[in-house]
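Worksheet: the structure to be examined is printed underneath.
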Amino acid sequence: MKFPGSVLASVFLFVAETSVALYLSSTYRSAGDRMWQALTLLFSLLPCALVQLTLLFVHRDLSRDRPLVLLLHLLQLGPLFRCFEVFCIYCQSGHVEEPYVSISKKRQLPKNGLSEEIEKEVGQAEGKLFTHRSAFSRASVIQAFLGSAPQLTLQLYISVLQQEVTVGRSLFMTLSLLSIVYGALRCNILAIKIKYDEYEVKVKPLAYVCIFLWRSFEIATRVVVLVLFTSVLKTWVVVDVFVNFLSFFLYPWILFWCSGSPFPENIEKALSRVGTTIVLCFLTLLYAGINMFCWSAVQLKINSPDLISKSQNWYRLLVYYMLRFIENAFLLLMWYLHKTDIYMYVCAPLLILQLLIGYCTAILFMLVFYQFFHPCKKLFSSSVSEGFRAWVRCVFCACRNQKICPSVGKTDQGAPADRDETPSSSKFSSMPNQNLNTEEFCPA
C-alpha cells in the first residue's frame, strides 16, 4: 500500500501556514497596523473554514452521526484528526485481514501499439485511503488559491511599502509560495487522473520536479508583477483583477448555457437544486482563482458528469499563455512609467527583463514536461515538437505566399501587353507552373 505522503504534506502546509499567520497578525497588532492584521487573518481563516467544509463534504459526514468529528472540524482541527485517522488505517492495513475486496480494472499504457487490461484487488483500507487522499488534494487546492495566493500577494505588497522584509514575513511568504506550488501540482495530477481515468497512471519523480519548477517560476513572476503594478496604480489593479476574475468565473457558465444542456443533477444525490447551484458556483469561483495566478490544467465543464473536460485542448493552453504574457508585459510597462521614489535603487529595465525571462522559463519547463515527462504522452495525438514544427511550417508558408502573390499580380498586369505584341506559348506556360509549385508547398 502506498505511503500517504500527500496527506502529510497537505497537513504540514496547513498547520505551518496557519500558525505563522496567527503570529504575524499579532505582530501587526503590536505595531498598530490594524488593516494588515485584519487582512492577514481574513486570508488565513477563510480558507481554513473552506477546507473543513471540503473534508466534511467529501467524507459525507454531514449526513452521518459523528458529533465528535463535526466538533473537531468546528474547532479547525479537522485536518489533524483526518491525518491521524489516515495513519491509523495505514499502520493497521498489513495486520488485519480484509473481509471484503473489490476488483478494479485498469488499462496499461500502450506498448508497441498494444494495451492490456489488468485487474487489481482493492481492499476497504485502500479504498478509505484513496478517499482521504482525494479529499486532501482538493483541500490543498482550495487553501492554495483562495488563501495562500492572496496572502502571498498581500505580504509582498506590505514588504514593498515598508521596504523591509522581516524574518516572520519571509518565512510566511516562503510557506505561502510552497502551498500555491503544491496546490498547482495537485491540479496537474488531478487533471491527468481524471482525463485518463481508464488507464493505470504512474507519475515519475522527474515529472514532479519539472511541474514544481514550471509552477514555481509561473506563480512567483505573476505575484511579483501584480505587486509591482499595485504599488503604483492601486485603482487600476482592481479593474485588472475584476476583469480577470469575472472572465474566468463566467466562462464555464457561458459554455454551459450555449450548449443547451439540462441543469446537472448528478453531483450529489443529497443536494437540492439550490445546493447544487451553490456547489457549482463555488467550483467556478475556485476555477477563477486558480487561473488568476496560473494555468488551471483542467477545463471546467458544467454539463459533464465529472465536471471536467477530458479533451486535451492545446489551442486554449496556447491562447492563455500568450495573453498572460502580454498582460504581464503591459503591467510591467505601466509600472515602469509610473514608478515612485521607493524604487530609486532598483534597476527597473533589468527587473522587467528578469521577470519576463522568468515567465518564459516557466513556459519552457511546461513544454519539457509535456514533451518528455508526461505519464500519458503516448496517448497524445500530437506532441509539442510536432505542433511547433507545424506552426513553423504554417508561418513559413504564409510568408512565402505573401512574396509570391505580388509577383503573380505583376505578371498578370504585363500579360495583355505581351499578348498584343507577340503571342507565344512560352509566356502562357510560365503561370501554371508557379501556381502548381505553390499548392504543392502549402497543402490545404
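Placement of Cβ uses the backbone N, Cα and C atoms for every residue, glycine included.
Per TrEMBL, compositional bias 'Polar residues' is recorded for 423-438.
Look at TrEMBL and you will find 410-444 tagged as region 'Disordered'.
Listed by sequence, the residues of this chain that lie at least six past the ends of the transmembrane segment (37-58) yet keep a Cβ under 8 A from its Cβ atoms are 14, 17-18, 21-22, 24-25, 28-29, 70, 73-74, 76, 78-79, 82, 131, 134-136, 138-139, 142-143, 146-148, 150-151, 154-155. The transmembrane segment feature in TrEMBL is assigned to 37-58 (among others).
The annotation transmembrane segment is assigned in TrEMBL to 171-194 (among others). Same-chain residues lying 6+ beyond the ends of the transmembrane segment (171-194) with a Cβ under 8 Å from its Cβ atoms: 6, 9-10, 13, 16-17, 20-21, 24, 137, 140-145, 147-149, 151-152, 155-156, 159, 201, 203, 208, 211-212, 215-216, 218-220, 223, 290, 293-294, 296-298, 306, 308, 310, 374-376.
TrEMBL lists 206-229 (among others) with the feature transmembrane segment.
Annotation comment: TrEMBL describes 236-254 (among others) as transmembrane segment.
Taken from TrEMBL, the feature transmembrane segment applies to 274-298 (among others).
What TrEMBL records for 318-336 (among others) is transmembrane segment. A Cβ distance under 8 Å defines the sequence-distant neighbours of the transmembrane segment (318-336), meaning residues of its chain 6+ beyond its ends; these are 221-222, 225-226, 228-229, 231-233, 236, 240, 291, 295, 348-349, 352, 355-356, 359-360, 363, 366.
What TrEMBL records for 342-370 (among others) is transmembrane segment.
Outside the transmembrane segment (206-229), and at least 6 residues removed from its termini, the chain residues within Cβ reach (under 8 Å) are 149, 152-153, 156-157, 160, 177, 180-181, 184-185, 188, 236-237, 240-241, 293-295, 324, 328, 331-332, 334-335, 355, 358-359, 361-363, 365-366, 368-369, 373-375. Within its own chain, the transmembrane segment (236-254) is flanked in space by residues 226, 229-230, 284-285, 287-289, 291-292, 300-302, 327, 331, 334, which lie at least six positions past its ends and keep a Cβ under 8 Å from the stretch. Residues 160-161, 163, 207, 210-211, 213-218, 220-222, 224-225, 231, 295, 321, 324-325, 328-329, 332-333, 335-336, 377, 383-384 of the same chain sit 6 or more residues outside the transmembrane segment (342-370) yet have a Cβ under 8 Å from a Cβ within it.
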